[in-house]
């Protein structure tokens, strides 16, 4: 059994839904298809919800009309009249439920996370109905399943965390009998079900996460992420004209790339696959015959495979005078950042053991707020706080290359030759990535220099094929 996930661009209109359905139908193995909402519909749903909460009825009407038009455009592309009529009837029910939810928000004058999730889920639910009907219209038996019946989560509406044990049990009860009956199961991505029965959403990267969660729950042989790029690229093609498709990477490499700014996968996506040792393949609906990128447990090769950059960071340094205070000061910093909801992209301790370095997301108030907050938290330790805004983290990823003893020195040499100032650098203890903090304005130049030094010189078989111009255009449009 395999799981195929199609993103919003891959199901952006009737023609693309038919193309994606043809890809799914061509698979010989039993299959679960996980779908996102039609491209743009999630934003329209959020706009309608926020407008309802603030009493802007005209905006609500405009947004819901646009949502209906998007859905009807896909439904009208279903060739079989009976299937089209059935899909339209189900869409009417979903749209009526949406209207009711928006009316509740308007009456309350406020938008709760619970109600927001209920509203936003309409996009994925509608696409599951449309995709299943398209499959049936083309002769492939299929049924849609709303994942709030299958993917069990906690009650954190807006960014729920899955319960894998309950999800496995519910997948066995709901999905497996349908697969055993020879049906293609079309499940909603992005959404789950809270213990009280409410619909939750999984946050950023939720649809990909849904695919690997269901794959793990059903012991899939493979999870395929069908998107608008030809695989994992060796760099952002907007910055590096010679960016290549990387044929194979390890789970660890994929997670590091995602963490350090690559857009193809969210870091959480890989975790369920790792737990069940399930291969994940990144493929393009625009080039379905290309092999894409295979993500497996084993690392392949001894070279660095890709470079990436994470923008919009703040560099934070903490100097602790007394060594015995280091643990307490570290705890105070982590507690303060956690209380402010700040995500940490990178943390390191200098060889002197008294300086801690953090790269964190930019926050409201910037360095001024951070310094005031941390100086208060660290007053008992007499620690010095340093802060620099407009910082980027550049990374070169590859288990073989990053593990070499001289790798960090080589990275620093490359950046020095390119006249890129380095604010901090580290060879990750995982031996999967080399990272450096640089001024944000220098990030593109750093990435280009690193790609030229580490990847461009590799044999073509090691660095992968060069994507076609149309594929690079799709990547630029997707991440821009």
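Any Cβ shown, glycine's included, is placed from N, Cα and C.
All annotation found in TrEMBL is predicted automatically rather than curated by experts.
The ATP binding site feature in TrEMBL is assigned to 227, 228, 238, 263, 264. The domain 'Aspartate/glutamate/uridylate kinase' feature in TrEMBL is assigned to 1-284. Residues or ranges marked as domain 'Aspartokinase ACT' in TrEMBL: 394-454.
Residue annotation for ATP gives 227, 228, 238, 263, 264. The furthest Cα pair among them is separated by 18 Å. Just so you know, the Cβ of residue 264 (ATP binding site) picks up 21 other Cβ atoms within 10 Å once every protein chain is counted.
Cβ neighbour count for residue 228 (ATP binding site) (all protein chains, 10 Å cutoff from its Cβ): 22.
In this structure, the binding-site residues 238, 263 were compared by how many other Cβ atoms lie within 10 Å of their Cβ, and the smallest count belongs to 238. For the domain 'Aspartokinase ACT' (394-454), the model's pLDDT averages out at 92.
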